[in-house]
Amino acid sequence: MTDLLKNPRRIALGCEGSANKLGIGIILHENDTSTVLSNIRHTFVSPPGTGFLPKDTAAHHRSFFVRLALQALRVANITIPDIDCICYTRGPGMGAPLTSVAIAARTLSLLWNKPLVGVNHCIGHIEMGRAITGASHPVVLYVSGGNTQVIAYAEQRYRIFGEALDIAVGNCLDRFARTLEISNDPAPGYNIEQLAKQGGRILLDLPYAVKGMDCSFSGILTRADELAAHMKSGGKGPDGEAFTPADLCFSLQETIFAMLVEITERAMAHVGSSQVLIVGGVGCNERLQEMMGAMAAERGGSVYATDERFCIDNGIMIAHAGLLAYETGFQTPIEESTCTQRFRTDEVLVKWRK
């Protein structure tokens, strides 16, 4: 810890691979500022109508890890001795991809004789979002393919106020993209968003499942799948009018985003915050940002979000959150450098925040 205090300039390399994105990022902390030195990413894309299997995704990460790490070093224009620690995603996420990247990060730690820091994936999203946007004390909406949570900070923990009871909102969108056989390139949720912009003529009736501070998306997905099958067989909407995939995507987005806005507003009222920070891959969605912005404006508040460089899974968020923890003296011993598919956001002691 004494060495950390003597050296105000610190650099971390972060490794992310909890799902189909492999990311390597390098960040500099100096004089209370954070500078992104490199942020390299490569995505495993499966064929339309399919999802990404853990074994295939892990194989992708193993194949691309070395070249991404070398590219990150070149872009950052640093050498191995400049690095203070190696950070990796400990969880949550898909088991096989997490394991492949954890082993790679452990290997770098041993080869380069650098301390290792295991990072909670959600904490990475939150801290990177705060650093990029400048949001000071926001209610956080964390929305991705594997997680849906409404979070606020209190007493050195990120407390979960509400979450999905079944599947995550991003998983709902991804699976519906499979139903419609929408391309997975660059991402199924992004392609649903673009298709939804062509809809709006018809708002189809879908279940609205808010239960207290929590949401349920599985029933909405089932009903959307039923309507898609009805459409493909030549069926009409409730008014006797034909509807299109664009109408389905529009209706799905409007319904699930309205649910997210409701529980986020309730959390804002509870903690007395006027700020909303949207993080996670689904946070890139412009319609979600627009709906959340309208709600926040009515309360005299504001919405903070990042672009796809930081919203979508990336290595720089792991580097940043890991370096914040490292600066408090935290390290992960090699013998404890495991990963886990279940790692709650509120399990992490946030020592770097007062």
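Keep in mind that glycine also has a Cβ here, set from the backbone N, Cα and C atoms.
Annotated features in TrEMBL:
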DOMAIN    39-319  domain 'Gcp-like'
BINDING   H121, H125, Y142, D313  divalent metal cation binding site
BINDING   Y142, V143, S144, G145, G146, D174, G189, E193, N285  substrate binding site
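The most crowded of the binding-site residues listed here (H121, H125) is H125, judged by how many other CB atoms sit within 10 Å of its own CB. Sequence-distant neighbours of Y142 (divalent metal cation binding site) (same chain, 6+ apart, CB under 8 A from its CB) are C122, H125, I126, T148, Q149, V150, I151, V279, G280, G283, T345. A Cα-Cα distance of 11 Å separates D313 (divalent metal cation binding site) from G146 (substrate binding site). Around S144 (substrate binding site), the C-beta neighbours below 8 angstroms that are at least 6 residues distant in the chain are H125, A168, V169, G170, G280, G281, V282, G283, D313.
Whole-number maximum of the Cα to Cα distances across the substrate-binding residues Y142, V143, S144, G145, G146, D174, G189, E193, N285: 18 angstrom. Between the C-alpha atoms of H121 (divalent metal cation binding site) and N285 (substrate binding site), the distance comes to 20 Å. If you draw a 10 Å sphere around the CB of G146 (substrate binding site), it holds 20 other CB atoms from the protein chains shown.
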